[in-house]
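Inspection log for the structure reproduced underneath, given as structure tokens.
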Amino acid sequence: MPFLPVKRQKIVLACLACLSLYFLYHPHFLPFPSLSSPTSSTSSTSSTSSTSSTSSLIDQDYFWLNVPLRHPVQSFLPLPISPPPPKATIQHRFPRETAEEKAVRLQRLDAVKANFTHAWQGYREHAWLSDEVRPLSGGKLDPFGGWAATLVDTLDTLYIMGMHEEFEEAVQAVQTIDFSHCALATINVFETTIRYLGGLLGAYDLSKGKHPSLLSKAAELAEMLYRAFDTPNRMPITRWDLHAAAQGDAQEAGESVLVAEIGSLTLEFTRLSQITGDPRWFDAVQRITDRLEADQAQTNVPGLWPIVVNARTLDFHSFPMFTLGGMADSLYEYLPKQHLLLNGRTPQYQKLYTTALPMLDAHLFFRPMTPDNRDILLSGDVYVGEASAIPPPEPKAQHLTCFAGGMVALGSRVFDRPQDLAVARRLVDGCLWAYEQAPLGMMPEIMHTVRCAEREHCLWDEAAWHAAIREAFAQDETYANLPVEQIIRDKHLARGVSKIDDRRYILRPEAVESVFFMYRITGEQKYMEAAWRMFTTIVASTTTEIAHAALSDCTGSTPVQEDRMESFWMAETLKYFYLIFAEPELVSLDEYVFNTEAHPFLLLP
Ligand SMILES: *[C@@H]1O[C@H](CO)[C@@H](O)[C@H](O)[C@H]1NC(C)=O
């Protein structure tokens, strides 16, 4: 089924009931109507009056602060306060490097920074305060509400790279962002949370609270997003008509909600409660975690959650599709991270993670057959109809699943599960293989491989590869009857790849993200080398006059660039490259936890 990867598929709504796509981008700015009677808006139903710890950070005339709530919370779920267990050490203790090693490392660090500076200048010059710069034409694009997504997303990277003047300039510019206007008819609450709320809080934490204006802007945004949770059952609307909400219309949570979009809001909202002491934000997301926990054992793959849940009826278990790719990914990623952020003061997130991981390992992770018989893993998809046995995974590899190695490596430290590190290593090595097998050195968005029958022993079998290609093209009128050699040539299939479903490389971070976690956790130099190969191949194909461009096809012998650079290129991909070549103490994993958009939140001691 052609489900779209959605984690960062920003402007497309995968309506799963009908599988149709809606483009949500509207070209004009639509100011919200002012409330009919502003004097009556300080309604007693609004819960903001009782929780002024955040509202005191913002102007009392701020639009969203004065949109009354229909379903205020009577009793807030508090941040857990039980004494924390002893803290695990996450990073490897790095030995002193030689002068020669240091020279090479610093040279690489400079190359990453030079590429970042190039892209930042392109944005600053051509698209300042827009969501994105167009890297080929120099145009601009506003797919995320028009609140300067690239600028907000990139604040902490500027800080990490020591670009303090640029950082100060960007912090000033944040003050002009107005969350009471929106360019879109509906917004994606998850994307808005990870990019904007995460970006503001990450920059606030990293600069050690020296810029209260960043926190105020985060509070303004949170007041807006909180209205998406104003439903009878307090489940948020994930694709949210904020204009209707602004008019005070009644709202209900969706019946087909992508589980990643509802299940990975915890870090950002929790961090805001920690900083402000306001319980509303943690309460809002903790209710979702409690729902996930209630249904975890009831699904068709008990322990895992399906990609779609019904947030209106609270059925979080019936849907038959499971993946670690788009639509589900960051839900799992957030479990060990939220445990860290809460200092392990509740066992809940550990329980969810340690219940899920063995099922991911048993039912989604598979070994692909490779010409050099590599002992690696990829994460596939599984479809499980009601009451049927769980079949083996479809040997599909989405670039989005490449975060898994980093998650399992982090989880092995956070939860003291040293045996998991071998699984993490095989997952990271799986994505490195997916990069290396391609002529230009980048993994495409989605491809199919050949699954080994056994994980421990697997030898290359040319005939099995050919058979998998035949099967993959059996329904294709043009290719079904052609010699397999011709399909391989025409479709640019590297040995071990049976089909390339989506040929793009859109500057995504997940593979280097996992390399970063493996490097910081194990200290193994081979991951630094792998990162350098990855970096040089990516910039060789994507650099433009203005910035860097996504590729509409990364699988041939020449890259095909497209006029798009999403904010995660500077927020995530280049940040992770930089941190791999920086001193390991810079943004240490023992001090910070990264949200899914690579924004670092300070861990409480
Ligand atoms: C990007 O890094 C590469 C090193 O791989 C370097 O050759 C290139 O000059 C850098 N690009 C910019 C714009 O600085």
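For all residues, glycine too, the Cβ spot is worked out from N, Cα and C.
The local packing around Glu191 (active site, proton donor), expressed as other Cβ atoms within 10 Å of its Cβ over all shown chains, amounts to 23. Sequence annotations record features per position, and here TrEMBL assigns active site, proton donor to Glu191 (among others).
Around the Cβ of Asp329 (active site), 30 further Cβ atoms fall within 10 Å across all displayed protein chains. Positions annotated as active site by TrEMBL: Asp329 (among others).
As annotated by TrEMBL, disulfide bond applies to Cys402-Cys431. DSSP assigns Cys431 (disulfide bond) to a helix.
In the three-state DSSP classification, Glu445 (active site, proton donor) falls within coil. Around the Cβ of Glu445 (active site, proton donor), the number of neighbouring Cβ atoms within 10 Å comes to 22. Taken from TrEMBL, the feature active site, proton donor applies to Glu445 (among others).
Long-range neighbours of Glu510 (active site) (same chain, six or more residues apart, CB within less than 8 Å of its CB): His399, Leu400, Thr401, Cys402, Phe403, Cys431. Per TrEMBL, active site is recorded for Glu510 (among others).
All protein chains considered, the CB of Thr596 (Ca(2+) binding site) has 28 other CB atoms within 10 Å. Residues or ranges marked as Ca(2+) binding site in TrEMBL: Thr596.
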### Task
Using C-alpha positions only, work out which of the recorded positions Glu191, Asp329, Thr596 is nearest to Glu445 (active site, proton donor).
Asp329
### Message
Using a 10 Å radius around its CB, how many other CB atoms surround Cys431 (disulfide bond)?
### Response
30
### Message
Applying a 10 Å Cβ distance cut-off over all chains shown, what neighbour count does Cys402 (disulfide bond) have?
### Response
30
